[in-house]
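Visitor: To start, I am sharing the structure in question, which I have written as structure tokens.
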Amino acid sequence: MYSEANELFSLLVAYKEQTEANGGSPDRKFRAVPVGKHTLPPLPYSYNALEPYIPEEIMRLHHLKHHQSYVNGLNKAEEEMQKARELNDFTLIKHWEREAAFHGAGHYLHTLFWTIMSPNGGGQPKGPLLDAINEYFGSFEAFKRHFSQAAINVEGSGWALLVWSPRAGRLEVLNAEKHQNLTQWESIPLLVLDMWEHAYYLKYKNDRNAYVEAWWKVVFWPEAEKRFSLAKKLQWTPY
């Protein structure tokens, strides 16, 4: 456990040094969010930028309504848990912990989801991420088939995820029910696909296959590559 703590500390120091080298302030860029003060991140492109694959109407509803509701729910849960601590009254703590898990995971996954799509997306990753995909899945096409089937077969509403597993020291494809259920702890998401109906139903109805196939055309691999370059530095003792 001590060696793992040292590894994590070294990684945080590396993040700080890298940010400062790029002219940024790590304290400003990575500041803590005050309790109950999460905000909706802006999209890195216009609402119609992903057409024809994802229509403007879907993007507006998804971002401004659905994602905002997760931000609001997370803030409410955090405020209520803070109130419980202050009053030493944990009567409803089970409820608010569940709310924090659901809305928090929804907020964080959506925040990542917007950044791994782009009107300039599509194709394949490059460099170390492609090498790792080839190593762990056999080929990019094999990975793509696995990820697509994991997404299409999400039970109910959920996500498909490509993650780095610090404990296993390799890539994994996972899916999650809702936002937070039936997935693995410690894993770091690199690429995520929203399989809730609000992400696709207005255009694709119940045709998940068509939605997933279209989504590959807007995947922004440089963002996944950047996340992988940072995530793979975190490696726990394998078991």
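Any Cβ shown, glycine's included, is placed from N, Cα and C.
The feature Mn(2+) binding site is assigned by TrEMBL to His62, His110, Asp194, His198. Residues annotated as coiled coil in TrEMBL: 67-94. As annotated by TrEMBL, domain 'Manganese/iron superoxide dismutase N-terminal' applies to 37-118. Summarising the annotation, TrEMBL assigns domain 'Manganese/iron superoxide dismutase C-terminal' to 125-227.
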Visitor: Using the Cβ centroid of His62, His110, Asp194, His198 as the reference point for the Mn(2+) site, which residues of the same chain not in that list have Cβ within 8 Å?
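Guide: Close Cβ neighbours, site residues excluded: His63, His66, His67, Phe113, Trp196, Ala199.
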Visitor: What average pLDDT does the predicted model assign to the domain 'Manganese/iron superoxide dismutase C-terminal' (125-227)?
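Guide: A mean pLDDT of 96 is what the model gives the domain 'Manganese/iron superoxide dismutase C-terminal' (125-227).
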Visitor: I'd like the per-state residue tally for the domain 'Manganese/iron superoxide dismutase N-terminal' (37-118) from DSSP, helix first, then strand, then coil.
Guide: 55 helix, 1 strand, 26 coil
Visitor: Cβ-Cβ under 8 Å from His198 (Mn(2+) binding site), same chain, 6 or more residues apart: which ones?
Guide: Ile58, Leu61, His62, His66
Visitor: Give me the DSSP three-state residue breakdown of the domain 'Manganese/iron superoxide dismutase C-terminal' (125-227), ordered helix, strand, coil.
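Guide: Helix/strand/coil tally for the domain 'Manganese/iron superoxide dismutase C-terminal' (125-227): 49 helix, 25 strand, 29 coil.
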